Amino acid sequence: MKKINLAISGCLGRMGQQLIKSSKNNKNFKLTALTENKAISKKIAGIKLDVNTEQTFKKTDVIIDFTVPNCTLDILKIASKLKKRVVIGTTGFNQKEEALIKKFSKTIPILKAGNMSLGVNLLMYLTEITSKSLNEEYLSKVFEVHHKHKKDYPSGTALMLGKGIADGKNKNLYNLMGKKFLNKKSFPYGKKINFNSIRKGEIIGEHEVTFSSGKEIIKLNHEAFDRALYSDGALTAAKWLINKKPGLYSMRDLLNFR
């Protein structure tokens with residue numbers, strides 16, 4: 001099988017570094033480009049760091065992006081022109097940016113996920129099923145913990161779980177979005193979905209969804225111990241996307257969760 005030419009955008013970040021390591025150990029990929037938003041005179045794995053340009057991505061089959069929203073949109077403009085596939089692991093998009101991603105997906109295959117872990121995506125699926133099975137008596141909230149360097153909150157994964165709750169009720173997450181707390185020891189339930197984000201230490205990721213009727217509490221949770229589970233998932237997504245038609249895909253499509 002011919003190796004897939006891979007570009008990693010956001011290569012100096014935590015996920016970027018892990019992706020470089022994982023891709024070097026994966027026989028399906030050949031690392032062809034490493035980029036950052038600003039020019040940096042440096043080589044990693046024998047590859048000179050570059051900025052996001054058409055020339056940089058010319059020989060690439062698929063781009064894995066772990067950057068920031070405005071950078072992701074710049075990458076999508078280039079990828080759309082070159083007809084390159086993009087795996088988006090970036091989080092923190094607003095509604096307007098989400099709409100632009102959907103627009104780009106009409107011309108190129110895009111897989112977007114706030115979390116590339118099999119376990120987290122299974123948790124999201126179970127969250128939706130649970131939400132669908134419970135009546136309005138049950139209130140829900142989402143709790144997440146990440147390392148102190150993570151800036152956005154709630155995390156992309158927490159929002160995925162919130163979407164799972166909303167989807168279970170056949171409602172839009174933005175209409176069910178409750179309060180967003182940061183570094184609170186405890187936080188309340190509400191008629192809408194409340195989120196609490198903790199930022200401390202070097203924690204890779206912990207997520208918990210809770211449903212409460214006042215008579216009982218149902219908890220669904222996931223804890224990550226190794227960042228490689230995310231990079232391995234991103235590479236699996238990149239390989240899967242190679243033979244796909246233009247469209248906006250998720251890990252749920254890849255894992256065939258219905």
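Just so you know, glycine gets a Cβ as well, placed from its N, Cα and C.
Remember, predicted model here, so these are calculated numbers, not experimental data.
Residues annotated as NAD(+) binding site in Swiss-Prot: G10, C11, L12, G13, R14, M15, G89, T90, T91, A113, G114, N115, M116. According to Swiss-Prot, the feature NADP(+) binding site maps to K38, an assignment based on sequence analysis. Swiss-Prot lists H146 with the feature active site, proton donor/acceptor. The (S)-2,3,4,5-tetrahydrodipicolinate binding site annotation in Swiss-Prot covers H147, G156, T157. What Swiss-Prot lists as active site, proton donor is K150.
Where Swiss-Prot records a feature, it is marked here on the structure.
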| residue | record | contacts (Cβ under 8 Å, 6+ apart) |
| --- | --- | --- |
| G10 | NAD(+) binding site | G16, T35, E36, D65, F66, T67, C71, T90 |
| L12 | NAD(+) binding site | E36, I40, L49 |
| R14 | NAD(+) binding site | H149, R227 |
| K38 | NADP(+) binding site | V51 |
| T91 | NAD(+) binding site | G114, D152, S155, G156, T157, L159 |
| M116 | NAD(+) binding site | G89, L229, Y230, S231, D232, G233, A234, T236, A237, M251 |
| H147 | (S)-2,3,4,5-tetrahydrodipicolinate binding site | R199, K200, G201, E202, I203, I204 |
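One way to see the shell of the (S)-2,3,4,5-tetrahydrodipicolinate site is to take the Cβ centroid of H147, G156, T157; the remaining same-chain residues with a Cβ within 8 Å of it are T91, G114, N115, E144, H146, K150, D152, S155, A158, G205. The Cβ of K150 (active site, proton donor) has 16 other Cβ atoms within 10 Å, all protein chains considered.
Proximity of the residue listed as 'active site, proton donor/acceptor' to non-local residues of its own chain (separation of 6 or more, Cβ distance below 8 Å) is seen for S155, S197, I198, R199, I203, I204, G205, E206, given in sequence order. Neighbour counts of Cβ atoms within 10 Å were compared across the binding-site residues G89, G114, G156; the minimum falls on G156. G156 ((S)-2,3,4,5-tetrahydrodipicolinate binding site) falls within a helical segment according to DSSP.
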